[in-house]
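TrEMBL lists E322 with the feature active site, proton acceptor. Per TrEMBL, the feature region 'Disordered' maps to 1-29.
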Amino acid sequence: MTPTPNESDWWRQPAKPLHRPAGEAAARRQAQLTKPPGALGRLEAIAIQLASMQGRERPALERAQITVFAGDHGVMAEGVSAFPQAVTGEMVKNFARGGAAISVLAREQGVRLEVVDLGTVNDPGPLDGVIRLRLAPSTANFTSAPAMTESQFEQALAAGRAAVARAAGAGAQLFIAGEMGIGNTTAAAALACGLIGLPAQLMAGPGTGLDAEGVARKAAVIDRALACHAGQLAEPAEALRRLGGFELAAIAGACIACAQKGLPMLVDGFIVTAAALAAVRMQPTVRDWLLFAHASAEPGHGHLLQMLGAQPLIDLNLRLGEGSGAAVALPLLRLACALHNGMATFAEAGVSEKHG
Ligand SMILES: O=C(O)c1ccc[n+]([C@@H]2O[C@H](COP(=O)([O-])O)[C@@H](O)[C@H]2O)c1
Ligand SMILES: Cc1cc2nc[nH]c2cc1C
C-alpha cells in the first residue's frame, strides 16, 4: 500500500504530467500556418510548450498573476549588500502604493499583483494588497545557524503554495514569482553553491551594487556558511532551510505547487532561479512547468540556467528582481499565443505551400 503523505510533505508529490497530444496538435497547427516552417523561431516552440502545459491546441494567457515574496536576511549582519536592510520593508510600502517597477509592469499589462510580507525588520505595517505572514523579523544569520527553523521553513513553503492556489482560484493561466529582500543574492548564491557544489567565487556577484572588494567579502561569507553547514546539505530541502530565505523557500513552494496544479511558471532572475533549482532538486518533475524569462546581469545566473538546461527568452542586462524580468518577457509569451491562434493556415488563405 502506498503510504498517505503527511500534509507537511505535500511538496514530495510529483507534477501534473504534460498533455503530449495537445502539444502534438499545436505542432501540427504551426506547420500549417502561413510562414516558412520554423520561421517564427522560438515563438513557435513556446506556443507548442504552452499547449502541452494547458492541455489545449490553442493556449491562452489572458490572465496572469505576479506574487512578490518579501523577506529579510540575518546574513546582512556580515555586510553583504550595498543597501541597508530597511529597504526591504520600505519597498513593500512602495509596492502597495504602486510606485515600484513591478507595480508599473503589472498595471501596464493588466496583471494581478500581490505582495506577501514573510518577515521584514522594518515592519511596514498593514497595507492594502499586502498579505502579512510574518514568520520573524528576518531569517537567522546562516554563517552560524540554519536560516530557518523547521516550522518557519514549512510555513514559508506553504505560503508559496497558498499564493498559487489564489492564482488558480482567480483563473490565472500563468504564475510569476517575484522577490524583494536586501541580502538575498547572498542567500541565493549560498543555496546554489550548497546544491551544486560550486565554489562561492563563481556565484557571488555585485547584487545591488557591491564593488570588487565587497564581492570578495561576500564570497568569503558564503564560504564560511558552507563550512558551517558542511555534511548537512545532501537533502535539497535541508539546503534550502539552512541557506535560503523566507522568500526563497516560498518561491520554491510556489514552483512545486504550480507544477502540481499544472500552472506554467515564468521564472525571473538570479534569486528566483536559485529557488527554482532547489524546487527541481526537491521534486525533479517540476522542471517541465518552468519557462525562463531572462538572463540576469548577476554573474552566477548563467551557471544556474545551465544547470537547469534553460534558455532564457531575453537578455536586457536587468538585475532588479521583484519579478520584473518575467513581467518584461510576458508580452513575448502573449504574442507567441496570438500568432499561434490567430494566423491563417495555407489552406484558409489560399497561399501555396513549400515544394515537396
Ligand atoms: O533578480 C536578479 O537577478 C537580481 C539581481 C541582483 C539584485 N536583485 C535584487 O536586489 C536585492 C538583493 O541584492 P543584494 O545586493 O542586497 O543581495 C533583492 O531585493 C533582489 O530583488 C535581483
Ligand atoms: C531600491 C531597491 C529596489 C529593489 N527592488 C528589488 N530589489 C531592490 C533593491 C533596492 C535597493
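Note: Cβ is positioned from N, Cα and C throughout, glycine not excepted.
As the structure is a computational prediction, the values presented were derived from the model and not from experiment.
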Local Cβ density at the residue listed as 'active site, proton acceptor' - other Cβ atoms counted within 10 Å: 28
Tally of residues which DSSP labels helix, strand or coil - the region 'Disordered' (1-29): 16 helix, 0 strand, 13 coil
